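Participant: The following feature annotations were taken from Swiss-Prot:
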type	residues	note
BINDING	Gly9, Asn10, Thr11, Gly12, Arg13, Met14, Gly78, Thr79, Thr80, Ser104, Pro105, Asn106, Met107	NAD(+) binding site
BINDING	Arg36	NADP(+) binding site
ACT_SITE	His137	active site, proton donor/acceptor
BINDING	His138, Gly147, Thr148	(S)-2,3,4,5-tetrahydrodipicolinate binding site
ACT_SITE	Lys141	active site, proton donor
Amino acid sequence: MKKSVGLIGNTGRMGGLLTEALRSHPRCLLGKGFSRRSQTLLKEVVLENDILIDFSAPEVTETLMDILLVTPKPVIIGTTGFSDNSVIRDKLSLLSEYVPVIFSPNMSLGAYVQRRLTACAAKLFDASYDVRILETHHRTKVDAISGTALSLAEAICSAKKDHFGDEQEPCIEMFGSRVGNIFGEHEVSFVGKNERFVIRHEAFSRQTFSDGVLIILRKIMEERLPAGYYTSDVLYESLFQEVVFD
């Protein structure tokens, strides 16, 4: 039986891509969606769909959480810009006790591989190496530093703490740029006295983010994910283990 999927932010750039993808999806039905300009109420979208995908704005996401806490449904959240909003994060955590909640600022496979390689590199390059993260996006992107860049910094800090303990807290330089129509570039550099090691990911189109959402959507349906808080990294991990340790 096909699952009905509702898009929150369905008139945005990502919403438009996902709308087209879901219309031809073999296992999903494109249900009612929501945008700030639509006549449909957000509560109505939640009630009439089996799974929700949210690419909206922080204030919309917070309202969505309030509704889902009353009527829990699995949700995939790609909205960015609320990394410092503990209220939304607390609501995500509470909702995850009842249904699968998947949150990721960048759901592309390439972004996952970059974070994985960055964490590995952070354990190999000690405190004698400086760390820098550069991120560039289109001029209309609101949040800076990007959620993806912040997740890279978190991966570095976590990896270094696991490997070196509290004795080596990294100092990370972070820079963001908003120019042109660039979909997303993220570069992590480990710079030593005699060498520089760079891990770089560049998205050529938003299609790579849409493809990642569809991979995660398939996992929700095929693997019957239990209630819990997930990131795209967690869901991609089985693929990484299969490739690396096969």
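Cβ coordinates are placed from backbone N, Cα and C, and glycine is handled just like the others.
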Participant: NAD(+) site residues Gly9, Asn10, Thr11, Gly12, Arg13, Met14, Gly78, Thr79, Thr80, Ser104, Pro105, Asn106, Met107: biggest Cα-Cα distance, Å?
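Facilitator: If we measure all Cα pairs in Gly9, Asn10, Thr11, Gly12, Arg13, Met14, Gly78, Thr79, Thr80, Ser104, Pro105, Asn106, Met107, the largest is 20 Å.
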Participant: Restricting to the recorded positions His137, His138, Lys141, Gly147, Thr148, which ones have a CA within 10 Å of the CA of Thr11 (NAD(+) binding site)?
Facilitator: none
Participant: So which recorded positions out of Gly9, Gly78, Thr80, Pro105, His137, Lys141 end up within 10 angstroms of Thr148 ((S)-2,3,4,5-tetrahydrodipicolinate binding site), measuring C-alpha to C-alpha?
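Facilitator: Correct set: Thr80, Pro105.
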Participant: Just to verify a number: CA distance, Lys141 (active site, proton donor) to Thr80 (NAD(+) binding site), in angstrom, no decimals.
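Facilitator: On Cα coordinates alone, these residues lie 10 Å apart.
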Participant: For the recorded positions listed here, Arg13, Arg36, His137, which shows the highest count of neighbouring CB atoms within 10 A?
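Facilitator: Buried the deepest by this measure is His137.
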Participant: Between the Cα atoms of the residue listed as 'active site, proton donor/acceptor' and Arg13 (NAD(+) binding site), what distance do you get, rounded to the nearest Å?
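Facilitator: Between the alpha carbons of the residue listed as 'active site, proton donor/acceptor' and Arg13 (NAD(+) binding site) there are 14 Å.
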